[in-house]
Amino acid sequence: MKVGIIGAAGRMGRILMEATLANPDTELAAAVDVPGSSLIGVDAGELLGRQALGVALADDLEKVVRDAEVFIDFTVPEATARHIEVCRAAGTRLVIGTTGLNDEQTASLRAASEDIAICFAPNYSIGVNLCFKLLETAAAVLGDEVDIEVIEAHHRHKIDAPSGTALRMGEVVAQTLGRDLKECAVYGREGRTGERDRRTIGFETIRAGDIVGDHTVMFAAEGERVEITHKASSRMSFGRGAVRAAQWLGGHQRGLFDMQDVLGLTGDSAGWGR
Ligand SMILES: NC(=O)C1=CN([C@@H]2O[C@H](COP(=O)(O)OP(=O)(O)OC[C@H]3O[C@@H](n4cnc5c(N)ncnc54)[C@H](OP(=O)(O)O)[C@@H]3O)[C@@H](O)[C@H]2O)C=CC1
Ligand SMILES: O=C(O)C1=N[C@H](C(=O)O)C[C@H](O)C1
């Protein structure tokens, strides 16, 4: 399968190109980064410190959108919003890893999936997607008798908070408990906060050094607590998952999916794909 990478010069872009090259069933067919980048025109192989691959870094998805069967986009929300429209017009499939999309951008993604197949997930690692299922079980068993906090830590370069994964974890728990995350989320605390309301779900964010991505959901009762933790130690865990999603998307013409669909973990809890 011919795969194109958008945001190819970024932290994840480079990993995604390596993951595409390492997979015997995928071929790196295109690479795109931001217009004006000094790396435009450079061969993708050179970007990776390898021999030339014959794929020059393009400055606009529109120029190469027909060179690949599926594109993988890990960039920024404004760029992803445009890439969705370019792929929609060309009929090209899209795997999206970008986090921090606003409601309007998510709605346009949903609309585009009426014409093309899109996979949209805040985290493509197998471990985090397993954690989403474990969280459903924990929330269902522990119910309203516990205080729930989502704690995440990432590298100092991350520009959005809380992480997309933390928000999804909160959504999974809230939905299992019949709560609306928009109404019950508390983002950080400071000053005279008053006693904790048990129906809230708290979020704490750490940004430091080179942390790849840590997430913990704490269910704390009187006398005991349960913590479900995932720690990513390599971005390749996300890269391999996204390339797997790209392959899987090849079997679909249109529709909105997430990594739970790719892994066959789809249950009752709604992901972004439903
Ligand atoms: N779903 C998942 O599993 C994961 C999701 N992510 C998410 O992926 C996104 C990217 O993360 P990361 O790789 O660390 O970030 P980086 O900043 O390292 O990479 C983003 C790349 O996209 C480029 N870019 C910006 N605008 C455009 C544009 N209009 N067209 C093409 N390329 C563009 C940037 O260029 P420049 O820097 O020059 O602006 C940069 O090279 C984030 O939203 C992050 O949260 C990250 C890891 C896992
Ligand atoms: O920006 C990152 O690095 C990551 N972002 C994703 C998120 O926001 O959840 C996934 C992963 O934790 C790494």
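Yeah, the Cβs are placed from backbone N, Cα and C, and that goes for glycine too.
Where the annotation comes from TrEMBL, it is an automatic prediction and has not been curated.
Given the structure is predicted, the values throughout are model-derived calculations rather than measurements.
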Candidates ASP25, ASP33, ASP144, the one TrEMBL lists with GLY7, ALA8, ALA9, GLY10, ARG11, MET12, GLY97, THR98, THR99, ALA121, PRO122, ASN123, TYR124 as binding NAD(+)
ASP33
Restricting attention to the domain 'Dihydrodipicolinate reductase C-terminal' (127-263), give the mean pLDDT.
97
Among HIS154, HIS155, THR165, the recorded positions in the record, which have a C-beta under 6 A from ligand 1?
none
Counting across all protein chains shown, how many other Cβ atoms sit within 10 Å of the Cβ of THR165 ((S)-2,3,4,5-tetrahydrodipicolinate binding site)?
25
Nearest to GLY7 (NAD(+) binding site) in three-dimensional space, by Cα, is which of the recorded positions HIS154, HIS155, LYS158, THR165?
LYS158
